[in-house]
Amino acid sequence: MAGGKIQKKRHGAAGGAGGGGSGRLQGGIPFEKSKGQHILRNPALVDSIVAKAGLKPTDTVLEIGPGTGNLTKRLLEAGVKAVVAVELDPRMVLELNRRFQGHPLSSRLKVATVFRFLVPVIYIAVLDCRVDSPVIQGDVLKCDLPYFDICVANIPYQISSPLTFKLLSHRPIFRCAVIMFQREFAMRLVAQPGDSLYCRLSVNVQLLSRVSHLLKVGRNNFRPPPKVDSSVVRIEPRKPLPPVSFKEWDGLVRICFNRKNKTLGSLFKQKRVLELLEKNYKTMQSLQLTQDAEMGEEKMSADDVALLANMVEDLSMETGDEKEDDEMEMDDADMAGEGAASFKEKIMGILQQGDFAEKRGSKLSQVDFLYLLSLFNKAGIHFS
């Protein structure tokens, strides 16, 4: 491997990761780092990922970004029912076709449409984009994923956040996903309250799933090597989903992590926050929604979860640093009339009721956020 290209191999020669890096490749394919093309080249690591996936003979496996097919080959050899692969690069699709043509396990791969026209390949490529498009972020979000039991993938890191939430919004719910992420992103997924990397991304993903760290992967296990280390993470969607509206949940969490190291008492005194909550409160009052009726509707739905796909720009790689903005705490003298002052007292009373006024979002657990949201909702305060 030199200059990011797969070198020409003798017919049938083994190489690369997972037994046969480029197979019967004729000439070299230049890898495009802008598309996140870093091929896993350590066979032992590929075997470990497949082993930790806990595959069953009845499983349909979704693989996103199969590249030259090293992981794909191991998945097929694991004896699963089928492998459905999603590949953006038409050059890789052709190489995969050449590699597995006549392979005894090729019948377990799927035929489908690539880039809006049919080609005789044995892989599904469901990305809706132009062939010459240099940008892949969001492309996979525009398609309907097929049925799958498990997702096992070494993905382009720039689509980590949208893809994670795309998978979590998929129905029917799959059993688990074992995915290679950039290490910092992976550690945010598994971060716990009080950790420096604990953020809105951590809270939202852990509401919807159980996340565990499986493997740390050094950059030299890839070809070409990326600039950062990686980690393999296991994501298991929660069944059933928590009985909470995600719009409400994310509205609360967004406020709490606006400046995650400030107290909630300070955050909820901000003029913009109070105005938003008071507007929602008055709207709900005018609609005459009773507490019982509202609580009966506040359940997590697939549409609720799908909203995450549209929220990824500020979730993907938060730095954890407090955002500097012009928001000021609203003093009683700033309140426009007795009604506004009374509403501020109502908000502060709710925080004090749950002993949250002096707590910080960076220290709150899932249970804490759920309890705080329930206190607000019971008082008629809503975040969406």
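Any Cβ shown, glycine's included, is placed from N, Cα and C.
Listed features, source TrEMBL:
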COMPBIAS  1-12  compositional bias 'Basic residues'
REGION    1-27  region 'Disordered'
COMPBIAS  13-26  compositional bias 'Gly residues'
BINDING   His38, Leu40, Gly65, Glu87, Asp139, Asn154  S-adenosyl-L-methionine binding site
DOMAIN    45-239  domain 'Ribosomal RNA adenine methylase transferase N-terminal'
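Mean model confidence for the domain 'Ribosomal RNA adenine methylase transferase N-terminal' (45-239) is a pLDDT of 82. Neighbour count (other Cβ atoms within 10 Å of the Cβ, all protein chains): 23 for Leu40 (S-adenosyl-L-methionine binding site). All protein chains shown were included, and the count of other CB atoms within 10 Å of the CB of Asn154 (S-adenosyl-L-methionine binding site) stands at 27.
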